[in-house]
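Database features, via TrEMBL:
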type: ACT_SITE; residues: H168; note: active site
type: BINDING; residues: D172, G173, N174, G175, R176, M177, S178, R179, Y210, Y211; note: ATP binding site
type: DOMAIN; residues: 91-242; note: domain 'Fido'
Amino acid sequence: MKCYKTEDLLTDKNISNKLKKIFMFAYQVKDMEISANGTPFIENYKNKQNQMETKYSNAIENINEYKYSDDEWIGLNEANQYITRNYNDPLDIDELQDIHQRLMRSKKDSGELKRKDNTVAGYKTSSIKDVEKDLYQILSSYYSEEKDTLEKGVISSIIFTLNFLMCHLFQDGNGRMSRMLLHKLLIKSGLSFVKYQMLSQYIHDEKQEYYNSLEHVRKGILDNPGAFDNDNAKPYIIYILDTLIQAILDFGKQLQLFNQIGKNNTELKRWIIKEISMNKNTTRKLLNSKINLIISEDKLKRIVREMISDKEISTNGHGRVANFV
């Protein structure tokens with residue numbers, strides 16, 4: 001199996017510009033990320049991301065759209081925690097099988113290499129007789145490439161997951177496994193914000209573009225078997241880079257809001273007044289949905305009562321769904 005490589009990709013202006021954006025945003029959020037580390041906000045944020053990852057992983061793969069079992073939730077949480085703790089561990093076949101076993105814990109064949117050949121959108125993935133050999137080629141390709149800059153590390157991470165998808169190591173769960181591996185390798189490359197931000201929600205929101213980028217890769221291979229042209233890989237790489245940009249922007253906004261209102265009741269009250277002034281249909285339930293990772297509902301309820309008592313705001317009813325006026 002021939003593998004996509006990072007050579008020439010970093011000279012592509014579109015890819016280079018998107019990488020610069022990611023590094024600029026990552027630098028901007030770094031201090032806020034450090035100040036929030038270890039707070040309930042970060043733990044709440046990670047838990048929420050894990051829930052969304054399970055929900056949207058199933059939806060991407062059209063499995064029980066938006067439904068997930070306790071086993072799936074536990075498996076993803078366990079795999080994510082393992083990766084976040086051990087992201088520096090080297091990738092080898094044992095590590096890949098270990099992660100898959102945690103991730104797909106409810107499946108009988110979790111952690112086992114596939115036993116039947118599979119085809120994806122007309123593209124034959126690695127055969128069962130070649131899958132282990134192809135995996136070693138993918139690993140060898142990844143480790144042979146220089147990663148002495150953040151740019152090279154990020155692109156190498158994305159390329160590895162693309163090669164992994166073309167191989168299809170396991171019978172089931174290769175899509176979500178590829179996203180877990182991307183998570184691991186991006187943290188290892190130096191993008192620390194990825195510890196807190198999962199990607200499946202964003203991929204689900206632009207699911208057709210995700211499919212199209214992979215279809216472009218597969219079509220290029222089918223048109224010219226055995227030849228991996230880097231131009232075929234560019235749509236997938238650009239798609240993942242755009243996903244990372246959106247993820248870090250969202251994380252940055254939440255960090256900024258946490259730093260603004262998370263530790264300062266005066267600022268929290270100002271934020272509530274601003275939200276009410278901007279939307280006449282604002283309710284406590286709506287406020288809670290916007291800041292529930294930052295402020296507990298009990299604290300929000302207490303602050304709102306204080307503000308009503310001090311005549312800073314008023315309401316036309318009682319409870320979570322009453323409008324403020």
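Don't overthink the numbers, they just go from 1 along the chain as shown.
For all residues, glycine too, the Cβ spot is worked out from N, Cα and C.
These numbers come from a predicted model, not from an experiment.
This view paints the features noted in TrEMBL onto the structure.
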| residue | record | CB count, 10 Å |
| --- | --- | --- |
| H168 | active site | 23 |
| D172 | ATP binding site | 17 |
| N174 | ATP binding site | 21 |
| R176 | ATP binding site | 25 |
| S178 | ATP binding site | 19 |
| Y210 | ATP binding site | 21 |
Cα within 10 Å of the residue listed as 'active site' - qualifying binding-site residues among N174, R176, Y210: N174
Largest inter-residue Cα distance among D172, G173, N174, G175, R176, M177, S178, R179, Y210, Y211 [record-listed ATP binders, Å]: 19
Segment confidence, the domain 'Fido' (91-242), expressed as mean pLDDT: 86
